[in-house]
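Notes follow once the structure below has been shown.
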(Lines of atoms letter the chains of each structure in order from A and count residues from 1; the text may use other names and numbers.)
(Lines give C-alpha, C1' and ligand atoms only; values in the text may rest on other atoms or scores of the structure.)
Protein backbone atom coordinates (compact mmCIF):
# COMPACT_ATOMS: atom_id res chain seq x y z
CA UNK A 1 0.00 0.00 0.00
CA UNK A 2 1.45 3.33 -0.97
CA UNK A 3 0.70 6.81 0.35
CA UNK A 4 -1.34 7.62 -2.75
CA UNK A 5 -4.28 5.58 -1.41
CA UNK A 6 -4.96 8.23 1.26
CA UNK A 7 -8.21 9.98 0.31
CA UNK A 8 -7.36 13.46 -1.00
CA UNK A 9 -10.00 15.11 1.23
CA UNK A 10 -7.96 14.34 4.32
CA UNK A 11 -4.92 16.17 3.04
CA UNK A 12 -6.83 19.19 1.83
CA UNK A 13 -5.85 22.28 3.84
CA UNK A 14 -8.40 23.73 6.28
CA UNK A 15 -10.14 26.79 4.89
CA UNK A 16 -10.29 25.45 1.35
CA UNK A 17 -13.54 25.83 -0.53
CA UNK A 18 -14.58 22.23 0.09
CA UNK A 19 -14.28 22.45 3.88
CA UNK A 20 -16.09 25.77 3.84
CA UNK A 21 -19.01 24.13 2.07
CA UNK A 22 -19.38 21.23 4.49
CA UNK A 23 -19.11 23.35 7.60
CA UNK A 24 -21.45 26.08 6.37
CA UNK A 25 -24.58 26.54 8.53
CA UNK A 26 -27.64 24.61 7.43
CA UNK A 27 -29.92 26.39 5.03
CA UNK A 28 -32.58 28.54 6.67
CA UNK A 29 -35.42 26.92 4.74
CA UNK A 30 -34.49 23.45 5.99
CA UNK A 31 -34.47 24.63 9.58
CA UNK A 32 -37.77 26.50 9.40
CA UNK A 33 -39.59 23.73 7.61
CA UNK A 34 -38.13 21.21 10.04
CA UNK A 35 -39.31 23.26 13.00
CA UNK A 36 -42.75 23.82 11.49
CA UNK A 37 -43.35 20.13 10.77
CA UNK A 38 -42.01 19.12 14.18
CA UNK A 39 -44.36 21.62 15.77
CA UNK A 40 -47.33 20.38 13.76
CA UNK A 41 -46.58 16.79 14.70
CA UNK A 42 -46.29 17.59 18.39
CA UNK A 43 -49.43 19.74 18.25
CA UNK A 44 -51.55 16.92 16.83
CA UNK A 45 -50.48 14.47 19.52
CA UNK A 46 -50.91 17.10 22.21
CA UNK A 47 -54.34 18.04 20.94
CA UNK A 48 -55.64 14.47 20.93
CA UNK A 49 -54.22 13.91 24.40
CA UNK A 50 -55.80 17.13 25.67
CA UNK A 51 -59.18 16.21 24.21
CA UNK A 52 -58.95 12.85 25.97
CA UNK A 53 -57.88 14.44 29.26
CA UNK A 54 -60.67 17.02 29.01
CA UNK A 55 -63.33 14.40 28.33
CA UNK A 56 -62.15 12.18 31.17
CA UNK A 57 -61.84 15.01 33.69
CA UNK A 58 -65.31 16.36 32.88
CA UNK A 59 -66.91 12.93 32.87
CA UNK A 60 -65.48 11.58 36.12
CA UNK A 61 -67.50 13.76 38.59
CA UNK A 62 -70.76 12.89 36.84
CA UNK A 63 -69.85 9.23 36.58
CA UNK A 64 -68.97 9.02 40.27
CA UNK A 65 -72.45 10.31 41.23
CA UNK A 66 -74.16 7.97 38.75
CA UNK A 67 -76.32 5.45 40.59
CA UNK A 68 -76.88 3.19 37.61
CA UNK A 69 -74.31 1.07 35.76
CA UNK A 70 -72.93 3.35 33.06
CA UNK A 71 -72.24 0.52 30.62
CA UNK A 72 -75.35 -1.62 31.00
CA UNK A 73 -78.10 0.80 31.98
CA UNK A 74 -80.60 2.22 29.50
CA UNK A 75 -81.81 4.95 31.80
CA UNK A 76 -81.00 8.59 31.10
CA UNK A 77 -81.91 11.00 33.88
CA UNK A 78 -78.91 13.17 34.45
CA UNK A 79 -80.25 15.91 36.71
CA UNK A 80 -80.99 15.98 40.43
CA UNK A 81 -79.13 14.41 43.33
CA UNK A 82 -79.61 10.83 42.16
CA UNK A 83 -78.66 10.73 38.49
CA UNK A 84 -79.12 7.40 36.75
CA UNK A 85 -77.73 7.04 33.25
CA UNK A 86 -76.13 4.44 31.00
CA UNK A 87 -75.12 4.02 27.38
CA UNK A 88 -76.40 0.53 26.56
CA UNK A 89 -79.08 1.73 24.15
CA UNK A 90 -76.87 4.42 22.60
CA UNK A 91 -74.02 1.98 22.01
CA UNK A 92 -76.32 -0.63 20.50
CA UNK A 93 -78.10 1.79 18.18
CA UNK A 94 -74.91 3.54 17.09
CA UNK A 95 -72.95 0.38 16.30
CA UNK A 96 -75.86 -1.51 14.74
CA UNK A 97 -76.87 1.37 12.47
CA UNK A 98 -73.22 1.92 11.49
CA UNK A 99 -72.67 -1.76 10.73
CA UNK A 100 -75.80 -1.82 8.57
CA UNK A 101 -74.52 1.30 6.79
CA UNK A 102 -71.12 -0.33 6.17
CA UNK A 103 -72.67 -3.60 5.04
CA UNK A 104 -74.60 -1.70 2.38
CA UNK A 105 -72.19 1.07 1.39
CA UNK A 106 -68.84 -0.75 1.22
CA UNK A 107 -69.80 -3.51 -1.26
CA UNK A 108 -71.74 -1.08 -3.45
CA UNK A 109 -68.96 1.51 -3.30
CA UNK A 110 -66.32 -1.08 -4.22
CA UNK A 111 -68.44 -2.34 -7.13
CA UNK A 112 -69.01 1.17 -8.48
CA UNK A 113 -65.29 1.89 -8.15
CA UNK A 114 -64.42 -1.34 -10.00
CA UNK A 115 -66.92 -0.51 -12.71
CA UNK A 116 -65.37 2.92 -13.26
CA UNK A 117 -61.75 1.70 -13.25
CA UNK A 118 -62.08 -1.65 -15.00
CA UNK A 119 -65.36 -2.11 -16.85
CA UNK A 120 -66.56 1.30 -18.05
CA UNK A 121 -65.72 2.26 -21.64
CA UNK A 122 -62.58 4.38 -21.89
CA UNK A 123 -64.41 7.64 -22.72
CA UNK A 124 -66.58 7.32 -19.62
CA UNK A 125 -63.83 6.68 -17.06
CA UNK A 126 -62.46 10.17 -16.61
CA UNK A 127 -65.82 11.99 -16.39
CA UNK A 128 -67.17 9.30 -14.05
CA UNK A 129 -64.12 9.60 -11.81
CA UNK A 130 -64.50 13.38 -11.65
CA UNK A 131 -68.20 13.05 -10.91
CA UNK A 132 -67.58 10.61 -8.04
CA UNK A 133 -64.93 12.90 -6.56
CA UNK A 134 -67.34 15.82 -6.75
CA UNK A 135 -70.14 13.82 -5.14
CA UNK A 136 -67.81 12.86 -2.29
CA UNK A 137 -67.20 16.53 -1.57
CA UNK A 138 -70.92 17.32 -1.16
CA UNK A 139 -71.85 17.54 2.55
CA UNK A 140 -73.42 14.26 3.52
CA UNK A 141 -76.53 15.91 4.99
CA UNK A 142 -77.70 16.52 1.41
CA UNK A 143 -77.70 12.78 0.73
CA UNK A 144 -79.20 12.22 4.16
CA UNK A 145 -82.18 14.42 3.33
CA UNK A 146 -82.64 12.79 -0.03
CA UNK A 147 -82.39 9.31 1.47
CA UNK A 148 -84.84 10.29 4.17
CA UNK A 149 -87.50 11.30 1.68
CA UNK A 150 -86.91 8.77 -1.10
CA UNK A 151 -86.04 5.66 0.90
CA UNK A 152 -88.65 5.75 3.64
CA UNK A 153 -91.29 4.14 1.37
CA UNK A 154 -88.67 1.74 -0.02
CA UNK A 155 -87.38 0.50 3.33
CA UNK A 156 -90.76 0.02 5.00
CA UNK A 157 -91.91 -2.93 2.84
CA UNK A 158 -88.48 -4.49 3.37
CA UNK A 159 -88.89 -4.12 7.11
CA UNK A 160 -92.37 -5.65 6.95
CA UNK A 161 -91.03 -8.53 4.91
CA UNK A 162 -88.16 -9.13 7.33
CA UNK A 163 -90.42 -9.03 10.38
CA UNK A 164 -92.96 -11.46 8.89
CA UNK A 165 -90.41 -13.92 7.42
CA UNK A 166 -87.53 -13.64 9.87
CA UNK A 167 -89.42 -12.23 12.86
CA UNK A 168 -88.43 -15.31 14.92
CA UNK A 169 -84.86 -13.98 14.96
CA UNK A 170 -84.41 -11.43 17.76
CA UNK A 171 -82.67 -9.16 15.26
CA UNK A 172 -85.81 -8.87 13.12
CA UNK A 173 -88.47 -9.11 15.81
CA UNK A 174 -91.49 -6.89 15.03
CA UNK A 175 -91.75 -3.86 17.31
CA UNK A 176 -94.60 -1.75 15.95
CA UNK A 177 -92.25 1.17 15.36
CA UNK A 178 -92.74 2.56 11.86
CA UNK A 179 -90.71 5.75 11.88
CA UNK A 180 -86.98 5.92 12.37
CA UNK A 181 -85.99 2.34 12.97
CA UNK A 182 -82.34 1.43 13.45
CA UNK A 183 -82.46 -0.23 10.05
CA UNK A 184 -83.71 2.92 8.36
CA UNK A 185 -81.02 4.97 10.08
CA UNK A 186 -78.51 2.46 8.72
CA UNK A 187 -79.87 2.81 5.17
CA UNK A 188 -79.73 6.61 5.31
CA UNK A 189 -76.19 6.50 6.74
CA UNK A 190 -75.23 4.12 3.92
CA UNK A 191 -76.40 6.67 1.36
CA UNK A 192 -74.45 9.38 3.16
CA UNK A 193 -71.15 7.51 3.20
CA UNK A 194 -71.42 5.82 -0.20
CA UNK A 195 -69.76 8.66 -2.19
CA UNK A 196 -66.67 8.79 0.03
CA UNK A 197 -66.25 4.99 -0.02
CA UNK A 198 -66.59 5.00 -3.80
CA UNK A 199 -64.23 7.91 -4.37
CA UNK A 200 -61.41 6.52 -2.22
CA UNK A 201 -61.78 2.97 -3.56
CA UNK A 202 -61.72 4.23 -7.13
CA UNK A 203 -58.56 6.21 -6.43
CA UNK A 204 -56.85 3.14 -4.99
CA UNK A 205 -57.96 0.73 -7.72
CA UNK A 206 -56.84 3.16 -10.40
CA UNK A 207 -53.30 2.96 -8.99
CA UNK A 208 -52.97 -0.80 -9.43
CA UNK A 209 -49.68 -1.23 -11.31
CA UNK A 210 -50.22 -2.23 -14.94
CA UNK A 211 -47.59 -4.95 -14.55
CA UNK A 212 -49.70 -6.74 -11.92
CA UNK A 213 -52.79 -6.57 -14.08
CA UNK A 214 -50.94 -7.72 -17.19
CA UNK A 215 -49.27 -10.48 -15.17
CA UNK A 216 -52.68 -11.86 -14.33
CA UNK A 217 -54.07 -11.43 -17.85
CA UNK A 218 -51.01 -13.12 -19.38
CA UNK A 219 -51.71 -16.17 -17.20
CA UNK A 220 -55.10 -16.44 -18.86
CA UNK A 221 -57.17 -14.64 -16.26
CA UNK A 222 -60.58 -13.34 -17.27
CA UNK A 223 -61.36 -9.76 -16.38
CA UNK A 224 -62.99 -10.76 -13.09
CA UNK A 225 -60.12 -13.14 -12.26
CA UNK A 226 -57.64 -10.35 -13.03
CA UNK A 227 -59.53 -8.07 -10.62
CA UNK A 228 -59.49 -10.80 -7.98
CA UNK A 229 -55.78 -11.62 -8.31
CA UNK A 230 -54.34 -8.16 -9.00
CA UNK A 231 -56.70 -5.25 -8.33
CA UNK A 232 -58.48 -6.28 -5.13
CA UNK A 233 -55.38 -7.48 -3.20
CA UNK A 234 -53.58 -4.30 -4.18
CA UNK A 235 -56.50 -2.11 -3.20
CA UNK A 236 -57.45 -3.91 0.00
CA UNK A 237 -55.60 -1.65 2.49
CA UNK A 238 -57.05 1.39 0.72
CA UNK A 239 -60.56 -0.01 0.83
CA UNK A 240 -60.15 -0.74 4.53
CA UNK A 241 -59.01 2.84 5.08
CA UNK A 242 -61.98 4.11 3.09
CA UNK A 243 -64.32 1.94 5.13
CA UNK A 244 -62.85 3.22 8.39
CA UNK A 245 -63.14 6.83 7.30
CA UNK A 246 -66.74 6.16 6.34
CA UNK A 247 -67.39 4.34 9.59
CA UNK A 248 -66.06 7.34 11.49
CA UNK A 249 -68.56 9.51 9.65
CA UNK A 250 -71.39 7.06 10.25
CA UNK A 251 -70.66 6.77 13.97
CA UNK A 252 -70.59 10.51 14.42
CA UNK A 253 -73.32 11.56 11.99
CA UNK A 254 -75.66 13.78 13.96
CA UNK A 255 -78.17 15.95 12.19
CA UNK A 256 -79.67 13.43 9.78
CA UNK A 257 -79.96 10.84 12.55
CA UNK A 258 -81.50 13.39 14.90
CA UNK A 259 -84.19 14.04 12.25
CA UNK A 260 -85.00 10.38 11.86
CA UNK A 261 -84.73 8.63 15.20
CA UNK A 262 -87.74 7.34 17.04
CA UNK A 263 -86.84 8.00 20.64
CA UNK A 264 -87.89 5.10 22.83
CA UNK A 265 -90.06 5.87 25.83
CA UNK A 266 -88.25 5.59 29.14
CA UNK A 267 -88.80 2.16 30.66
CA UNK A 268 -89.80 0.47 27.38
CA UNK A 269 -88.77 -3.16 27.03
CA UNK A 270 -85.31 -3.93 25.72
CA UNK A 271 -85.18 -5.49 22.29
CA UNK A 272 -82.34 -6.63 20.04
CA UNK A 273 -84.44 -5.83 17.01
CA UNK A 274 -83.08 -3.71 14.16
CA UNK A 275 -86.69 -2.74 13.56
CA UNK A 276 -86.87 -0.92 16.86
CA UNK A 277 -86.10 2.74 17.46
CA UNK A 278 -83.41 4.17 19.68
CA UNK A 279 -80.95 7.00 19.84
CA UNK A 280 -77.30 7.14 18.86
CA UNK A 281 -74.60 8.88 20.88
CA UNK A 282 -74.58 11.85 18.54
CA UNK A 283 -78.35 12.27 18.40
CA UNK A 284 -78.73 11.93 22.18
CA UNK A 285 -76.16 14.67 22.71
CA UNK A 286 -77.61 16.92 20.00
CA UNK A 287 -81.23 16.42 21.09
CA UNK A 288 -80.40 17.48 24.64
CA UNK A 289 -78.07 20.39 24.06
CA UNK A 290 -80.50 22.54 26.04
CA UNK A 291 -79.77 20.50 29.17
CA UNK A 292 -76.10 21.45 29.44
CA UNK A 293 -76.81 23.83 32.32
CA UNK A 294 -74.93 22.16 35.15
CA UNK A 295 -71.51 20.48 35.30
CA UNK A 296 -73.18 17.25 36.37
CA UNK A 297 -75.54 17.08 33.40
CA UNK A 298 -72.87 18.19 30.98
CA UNK A 299 -70.51 15.61 32.47
CA UNK A 300 -72.98 12.82 31.75
CA UNK A 301 -73.18 13.79 28.09
CA UNK A 302 -69.43 14.16 27.93
CA UNK A 303 -69.11 10.64 29.32
CA UNK A 304 -71.24 9.47 26.39
CA UNK A 305 -69.01 11.49 24.06
CA UNK A 306 -65.97 9.82 25.60
CA UNK A 307 -67.32 6.39 24.72
CA UNK A 308 -67.77 7.51 21.12
CA UNK A 309 -64.18 8.80 21.20
CA UNK A 310 -62.90 5.43 22.43
CA UNK A 311 -65.10 3.53 19.97
CA UNK A 312 -63.58 5.43 17.04
CA UNK A 313 -60.10 4.78 18.42
CA UNK A 314 -60.71 1.06 18.73
CA UNK A 315 -62.15 0.84 15.22
CA UNK A 316 -59.13 2.62 13.77
CA UNK A 317 -56.70 0.50 15.77
CA UNK A 318 -58.31 -2.68 14.48
CA UNK A 319 -58.06 -1.37 10.92
CA UNK A 320 -54.36 -0.58 11.42
CA UNK A 321 -53.72 -4.08 12.69
CA UNK A 322 -55.48 -5.59 9.68
CA UNK A 323 -53.41 -3.44 7.31
CA UNK A 324 -50.11 -4.03 9.16
CA UNK A 325 -50.56 -7.78 9.20
CA UNK A 326 -50.57 -7.83 5.38
CA UNK A 327 -47.65 -5.47 5.13
CA UNK A 328 -44.98 -8.09 4.43
CA UNK A 329 -46.92 -8.92 1.30
CA UNK A 330 -47.26 -5.43 -0.06
CA UNK A 331 -43.67 -4.23 -0.10
CA UNK B 1 -43.98 -29.31 -38.28
CA UNK B 2 -47.62 -28.77 -37.53
CA UNK B 3 -47.25 -26.79 -34.31
CA UNK B 4 -45.73 -23.75 -35.94
CA UNK B 5 -46.64 -20.23 -34.97
CA UNK B 6 -47.12 -18.20 -38.16
CA UNK B 7 -47.45 -14.46 -38.48
CA UNK B 8 -48.59 -13.24 -41.90
CA UNK B 9 -48.88 -9.65 -43.16
CA UNK B 10 -49.58 -8.26 -39.74
CA UNK B 11 -50.21 -4.54 -39.16
CA UNK B 12 -50.53 -3.35 -35.58
CA UNK B 13 -52.26 -0.16 -34.47
CA UNK B 14 -52.58 1.98 -31.37
CA UNK B 15 -55.81 3.77 -32.20
CA UNK B 16 -55.21 5.50 -35.51
CA UNK B 17 -51.42 5.18 -35.24
CA UNK B 18 -49.91 2.33 -37.21
CA UNK B 19 -47.08 1.09 -34.99
CA UNK B 20 -45.92 -1.92 -36.97
CA UNK B 21 -46.39 -2.72 -40.64
CA UNK B 22 -46.27 -5.83 -42.80
CA UNK B 23 -44.68 -8.41 -40.51
CA UNK B 24 -44.41 -12.00 -41.75
CA UNK B 25 -42.58 -14.54 -39.60
CA UNK B 26 -42.62 -18.25 -38.74
CA UNK B 27 -41.62 -19.75 -35.38
CA UNK B 28 -40.65 -23.40 -35.02
CA UNK B 29 -41.44 -25.50 -31.96
CA UNK B 30 -38.51 -26.13 -29.59
CA UNK B 31 -36.59 -23.15 -30.89
CA UNK B 32 -35.67 -19.72 -29.59
CA UNK B 33 -36.37 -16.64 -31.67
CA UNK B 34 -34.84 -13.31 -30.66
CA UNK B 35 -36.35 -9.93 -31.62
CA UNK B 36 -33.70 -7.23 -31.85
CA UNK B 37 -33.79 -3.61 -32.97
CA UNK B 38 -33.62 -0.04 -31.71
CA UNK B 39 -36.13 1.31 -29.17
CA UNK B 40 -39.56 2.09 -30.57
CA UNK B 41 -39.24 -0.25 -33.56
CA UNK B 42 -42.18 -2.41 -32.46
CA UNK B 43 -40.43 -5.56 -31.14
CA UNK B 44 -42.46 -5.67 -27.94
CA UNK B 45 -45.60 -4.70 -29.80
CA UNK B 46 -45.24 -7.67 -32.15
CA UNK B 47 -44.48 -9.95 -29.20
CA UNK B 48 -47.64 -8.83 -27.42
CA UNK B 49 -49.82 -9.65 -30.43
CA UNK B 50 -48.72 -13.30 -30.16
CA UNK B 51 -50.79 -13.82 -26.99
CA UNK B 52 -53.36 -11.10 -27.66
CA UNK B 53 -52.00 -8.89 -24.90
CA UNK B 54 -51.76 -6.01 -27.37
CA UNK B 55 -55.52 -5.54 -27.36
CA UNK B 56 -55.47 -4.98 -23.58
CA UNK B 57 -54.16 -1.49 -24.34
CA UNK B 58 -57.02 0.88 -25.19
CA UNK B 59 -57.20 1.32 -28.96
CA UNK B 60 -54.88 -1.61 -29.63
CA UNK B 61 -55.85 -3.65 -32.70
CA UNK B 62 -54.28 -6.06 -35.16
CA UNK B 63 -54.75 -6.75 -38.88
CA UNK B 64 -53.49 -9.83 -40.70
CA UNK B 65 -53.28 -13.43 -39.60
CA UNK B 66 -51.54 -15.11 -36.68
CA UNK B 67 -51.98 -18.88 -36.48
CA UNK B 68 -50.77 -21.47 -33.99
CA UNK B 69 -50.86 -25.06 -35.27
CA UNK B 70 -53.20 -23.85 -38.01
CA UNK B 71 -55.68 -22.19 -35.64
CA UNK B 72 -56.19 -18.47 -36.22
CA UNK B 73 -55.60 -16.83 -32.83
CA UNK B 74 -57.73 -13.86 -33.87
CA UNK B 75 -60.72 -15.78 -35.23
CA UNK B 76 -64.04 -14.47 -33.94
CA UNK B 77 -64.80 -17.59 -31.90
CA UNK B 78 -61.40 -17.65 -30.17
CA UNK B 79 -61.34 -16.47 -26.57
CA UNK B 80 -58.27 -14.30 -25.83
CA UNK B 81 -58.20 -15.85 -22.36
CA UNK B 82 -57.68 -19.29 -23.92
CA UNK B 83 -54.92 -17.93 -26.16
CA UNK B 84 -53.06 -16.59 -23.13
CA UNK B 85 -53.28 -19.97 -21.43
CA UNK B 86 -51.53 -21.51 -24.43
CA UNK B 87 -49.05 -18.70 -25.01
CA UNK B 88 -47.42 -17.68 -21.73
CA UNK B 89 -45.56 -14.47 -21.10
CA UNK B 90 -42.73 -13.12 -18.93
CA UNK B 91 -42.39 -9.37 -18.57
CA UNK B 92 -39.53 -6.89 -18.50
CA UNK B 93 -39.86 -6.17 -14.79
CA UNK B 94 -40.44 -9.17 -12.54
CA UNK B 95 -44.09 -8.95 -11.51
CA UNK B 96 -44.92 -11.62 -8.94
CA UNK B 97 -48.29 -10.93 -7.30
CA UNK B 98 -47.23 -8.95 -4.23
CA UNK B 99 -49.93 -10.20 -1.89
CA UNK B 100 -49.25 -13.87 -2.65
CA UNK B 101 -46.75 -16.34 -1.26
CA UNK B 102 -44.15 -17.95 -3.50
CA UNK B 103 -46.30 -21.08 -3.67
CA UNK B 104 -49.48 -19.17 -4.49
CA UNK B 105 -47.67 -17.25 -7.20
CA UNK B 106 -46.49 -20.40 -8.94
CA UNK B 107 -49.89 -22.08 -8.89
CA UNK B 108 -51.89 -18.89 -9.62
CA UNK B 109 -52.46 -19.91 -13.23
CA UNK B 110 -53.45 -23.46 -12.28
CA UNK B 111 -55.94 -22.14 -9.75
CA UNK B 112 -57.39 -19.89 -12.46
CA UNK B 113 -57.84 -23.06 -14.50
CA UNK B 114 -59.85 -24.53 -11.64
CA UNK B 115 -57.27 -26.93 -10.17
CA UNK B 116 -57.97 -27.27 -6.43
CA UNK B 117 -56.42 -30.62 -5.46
CA UNK B 118 -53.71 -29.83 -2.88
CA UNK B 119 -51.25 -32.56 -3.78
CA UNK B 120 -51.56 -31.90 -7.51
CA UNK B 121 -50.90 -28.20 -6.88
CA UNK B 122 -47.89 -29.04 -4.70
CA UNK B 123 -46.50 -31.37 -7.40
CA UNK B 124 -47.01 -28.75 -10.09
CA UNK B 125 -45.36 -26.07 -7.94
CA UNK B 126 -42.29 -28.22 -7.36
CA UNK B 127 -42.09 -29.23 -11.03
CA UNK B 128 -42.36 -25.62 -12.21
CA UNK B 129 -39.90 -24.26 -9.65
CA UNK B 130 -37.41 -27.00 -10.57
CA UNK B 131 -38.05 -26.14 -14.22
CA UNK B 132 -37.19 -22.53 -13.46
CA UNK B 133 -34.04 -23.51 -11.49
CA UNK B 134 -35.50 -21.91 -8.38
CA UNK B 135 -36.58 -24.92 -6.30
CA UNK B 136 -33.42 -25.28 -4.23
CA UNK B 137 -33.43 -21.60 -3.31
CA UNK B 138 -37.05 -21.36 -2.19
CA UNK B 139 -38.16 -24.87 -1.14
CA UNK B 140 -37.89 -23.96 2.57
CA UNK B 141 -39.85 -20.73 2.29
CA UNK B 142 -42.70 -21.44 -0.09
CA UNK B 143 -45.07 -19.64 2.27
CA UNK B 144 -43.06 -16.42 2.31
CA UNK B 145 -44.06 -13.47 0.10
CA UNK B 146 -42.82 -13.69 -3.48
CA UNK B 147 -41.89 -10.02 -3.35
CA UNK B 148 -39.20 -10.82 -0.75
CA UNK B 149 -36.99 -12.57 -3.32
CA UNK B 150 -34.15 -10.90 -5.20
CA UNK B 151 -34.87 -9.47 -8.65
CA UNK B 152 -33.38 -12.45 -10.45
CA UNK B 153 -35.26 -14.91 -8.25
CA UNK B 154 -38.48 -12.99 -8.80
CA UNK B 155 -37.99 -13.23 -12.55
CA UNK B 156 -37.43 -16.99 -12.30
CA UNK B 157 -40.54 -17.14 -10.10
CA UNK B 158 -42.44 -15.43 -12.91
CA UNK B 159 -41.04 -17.96 -15.38
CA UNK B 160 -42.11 -20.79 -13.04
CA UNK B 161 -45.58 -19.21 -12.89
CA UNK B 162 -45.73 -19.01 -16.67
CA UNK B 163 -44.62 -22.63 -17.28
CA UNK B 164 -46.82 -24.06 -14.50
CA UNK B 165 -49.82 -23.95 -16.84
CA UNK B 166 -47.77 -25.83 -19.49
CA UNK B 167 -48.14 -23.40 -22.37
CA UNK B 168 -46.98 -24.22 -25.91
CA UNK B 169 -45.19 -20.94 -26.37
CA UNK B 170 -43.29 -18.74 -23.93
CA UNK B 171 -42.92 -15.04 -24.74
CA UNK B 172 -40.23 -13.05 -22.94
CA UNK B 173 -40.18 -9.27 -23.14
CA UNK B 174 -36.62 -8.16 -22.25
CA UNK B 175 -36.62 -10.57 -19.31
CA UNK B 176 -33.11 -9.65 -18.17
CA UNK B 177 -33.06 -5.90 -18.63
CA UNK B 178 -33.76 -5.27 -14.94
CA UNK B 179 -31.30 -7.93 -13.73
CA UNK B 180 -27.62 -8.11 -12.81
CA UNK B 181 -25.18 -10.23 -14.89
CA UNK B 182 -25.31 -13.28 -12.59
CA UNK B 183 -29.11 -13.39 -12.65
CA UNK B 184 -29.01 -12.81 -16.40
CA UNK B 185 -26.73 -15.82 -16.76
CA UNK B 186 -29.18 -17.91 -14.72
CA UNK B 187 -32.09 -16.88 -16.97
CA UNK B 188 -30.09 -17.59 -20.14
CA UNK B 189 -29.18 -21.06 -18.89
CA UNK B 190 -32.84 -21.58 -18.14
CA UNK B 191 -33.87 -20.52 -21.65
CA UNK B 192 -31.47 -23.14 -23.02
CA UNK B 193 -33.20 -25.83 -20.92
CA UNK B 194 -36.76 -24.63 -21.56
CA UNK B 195 -36.11 -24.79 -25.29
CA UNK B 196 -36.41 -28.58 -25.17
CA UNK B 197 -40.09 -28.25 -24.24
CA UNK B 198 -41.29 -24.87 -25.42
CA UNK B 199 -41.20 -22.50 -28.34
CA UNK B 200 -39.59 -19.33 -27.00
CA UNK B 201 -39.72 -15.81 -28.37
CA UNK B 202 -37.52 -13.27 -26.61
CA UNK B 203 -37.20 -9.52 -27.08
CA UNK B 204 -33.78 -8.22 -26.11
CA UNK B 205 -31.66 -5.09 -26.32
CA UNK B 206 -28.59 -7.15 -25.60
CA UNK B 207 -27.10 -8.33 -28.90
CA UNK B 208 -24.73 -10.78 -27.22
CA UNK B 209 -27.69 -12.29 -25.45
CA UNK B 210 -29.54 -12.72 -28.73
CA UNK B 211 -26.44 -14.35 -30.22
CA UNK B 212 -26.03 -16.66 -27.21
CA UNK B 213 -29.56 -17.92 -26.71
CA UNK B 214 -31.40 -17.79 -30.02
CA UNK B 215 -31.66 -20.06 -33.04
CA UNK B 216 -33.42 -17.47 -35.17
CA UNK B 217 -33.09 -13.70 -35.03
CA UNK B 218 -35.49 -11.08 -36.35
CA UNK B 219 -34.27 -7.51 -36.79
CA UNK B 220 -36.84 -4.71 -36.61
CA UNK B 221 -36.28 -1.10 -37.53
CA UNK B 222 -38.22 2.05 -38.26
CA UNK B 223 -37.53 4.60 -40.98
CA UNK B 224 -38.09 7.59 -38.72
CA UNK B 225 -39.91 8.53 -35.51
CA UNK B 226 -43.64 8.47 -36.16
CA UNK B 227 -43.25 5.92 -38.97
CA UNK B 228 -44.41 2.33 -38.44
CA UNK B 229 -41.77 -0.23 -37.42
CA UNK B 230 -40.93 -2.95 -39.92
CA UNK B 231 -39.36 -6.38 -39.89
CA UNK B 232 -36.12 -5.79 -41.81
CA UNK B 233 -34.83 -9.31 -41.93
CA UNK B 234 -35.10 -12.65 -40.22
CA UNK B 235 -32.92 -15.73 -40.40
CA UNK B 236 -30.76 -18.21 -38.50
CA UNK B 237 -28.92 -16.29 -35.77
CA UNK B 238 -25.37 -16.96 -37.04
CA UNK B 239 -26.28 -15.70 -40.48
CA UNK B 240 -27.93 -12.51 -39.17
CA UNK B 241 -24.87 -11.71 -37.10
CA UNK B 242 -22.20 -12.75 -39.58
CA UNK B 243 -23.72 -12.20 -43.02
CA UNK B 244 -26.67 -9.82 -42.72
CA UNK B 245 -28.32 -9.03 -46.04
CA UNK B 246 -29.46 -5.52 -45.23
CA UNK B 247 -27.14 -2.65 -44.56
CA UNK B 248 -29.14 -1.45 -41.51
CA UNK B 249 -28.93 -4.92 -39.95
CA UNK B 250 -25.19 -4.91 -40.51
CA UNK B 251 -24.96 -1.44 -38.93
CA UNK B 252 -27.06 -2.50 -35.93
CA UNK B 253 -25.42 -5.85 -35.16
CA UNK B 254 -21.97 -4.34 -35.50
CA UNK B 255 -22.94 -1.65 -32.98
CA UNK B 256 -22.85 1.36 -35.32
CA UNK B 257 -26.31 2.55 -34.20
CA UNK B 258 -29.15 1.69 -31.83
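Every residue, even glycine, has its Cβ placed from backbone N, Cα and C.
Whatever TrEMBL says is automated annotation, not expert-curated.
The feature transmembrane segment, as given by TrEMBL for the ranges A:8-31, A:128-151, sits at A:128-151.
Sequence-distant contacts of the transmembrane segment (A:90-116) (same chain, at least 6 residues past either end, Cβ-Cβ under 8 Å): 124-125, 128-129, 132, 182-183, 185-187, 189-194, 197-198, 201-202, 204-205, 227, 231, 239, 242-243, 246-247, 250-251, 257, 261, 272, 274, 278-282, 284, 304, 307-308, 311. Among residues of the same chain six or more beyond the transmembrane segment (A:171-197), those with a C-beta under 8 A of the stretch's C-beta atoms are 93, 96-106, 108-110, 132, 135-136, 138, 140-141, 143-144, 146-148, 151-152, 155-156, 158-159, 162-164, 242-243, 245-247, 249-250, 253, 256-257, 259-262, 271-278, 280.
Sequence-distant contacts of the transmembrane segment (A:128-151) (same chain, six or more residues past either end, CB-CB distance under 8 Å): 112-113, 116, 120, 184, 187-189, 191-196, 198-200, 202, 206, 249, 253, 255-256, 259-260.
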